[in-house]
């Protein structure tokens with residue numbers, strides 16, 4: 001009877017960032033450069049990887065993939081947020097809300113899977129250098145990249161279907177700046193305990209498995225580096241891995257803060273997600289560029305700075 005009387009919600013209202021009333025213009029001016037830098041930085045990395053033959057290796061193939069996902073991940077939430085900060089409508093249709101939640105978790109989970117693949121790539125390069133070209137041949141690289149897409153799609157499909165198979169009949173005000181599970185589920189007109197448990201388990205399991213695989217890879221890498229007698233070899237291996245480790249820490253901190261706390265703090269979660277959506281994707285190009293001579297040389301060539309590739 002309740003379902004028959006249910007007036008299905010056709011659109012949601014994004015309430016935005018809590019406690020920022022009257023600060024919309026300031027936030028727009030603050031956030032827009034971050035989003036522009038994210039797009040410019042990741043496009044630059046992608047162009048460098050494609051244009052420089054020296055970067056046609058598995059490590060840079062996956063870095064190029066990461067740049068695509070960073071641009072997509074940031075673009076899922078930032079344009080809508082910037083539009084309503086400009087004073088435009090905060091309304092988002094039901095279908096767009098579903099799409100936003102799906103692509104947010106699709107691209108976010110792909111990033112976790114991709115960091116795992118990149119850790120395996122570094123493990124193969126440092127621990128098995130003589131067999132590296134066989135272990136990470138082009139066919140395997142493409143298969144691993146496609147695998148991250150498929151796993152991300154499966155992961156996000158489960159979360160999205162769990163969230164939106166529930167009826168939404170009453171309130172339609174999303175207490176957040178985009179449609180995400182912790183913000184949308186409280187609006188459901190049914191018991192959400194199963195969806196909350198499965199979402200927590202799903203996100204937790206994916207994050208834990210990826211983190212453990214990365215940890216195992218880097219323990220093996222550390223053992224291999226410490227057993228290397230060459231100081232130059234140690235420095236090279238450390239330089240290659242340090243950027244990846246910094247990026248992993250930036251990615252996993254927000255996941256733990258937002259999704260894996262039994263009683264999350266809404267305000268803290270909002271701040272962390274803004275950092276995850278705006279700052280994280282912008283930092284990755286900086287992290288990998290500043291720590292990588294080959295990428296810097298390729299970027300210099302793009303902007304017509306003269307410098308032979310042999311100097312790298």
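Residue numbers in this text run from 1 along the chain shown.
For all residues, glycine too, the Cβ spot is worked out from N, Cα and C.
In TrEMBL, the annotation transmembrane segment applies to 26-50, one of the ranges 1-25, 26-50. Under 8 Å from some Cβ of the transmembrane segment (62-82) lie the Cβ atoms of residues 14, 16, 28, 31-32, 35, 38-39, 42-43, 45-46, 49-50, 92, 100, 103-104, 107-108, 110-111, 114, 117-118, 121, 141, 144-145, 148, 177-178, 277-278, 280-282, 284-285, 288, 295, all in the same chain and six or more residues away from its ends. Taking every listed stretch (102-120, 140-158, 267-290) in turn, the largest tally of C-beta pairs under 8 A with the transmembrane segment (203-226) is reached by 102-120.
On the 0 to 100 pLDDT scale, the domain 'G-protein coupled receptors family 1 profile' (41-288) averages 85 in this prediction.
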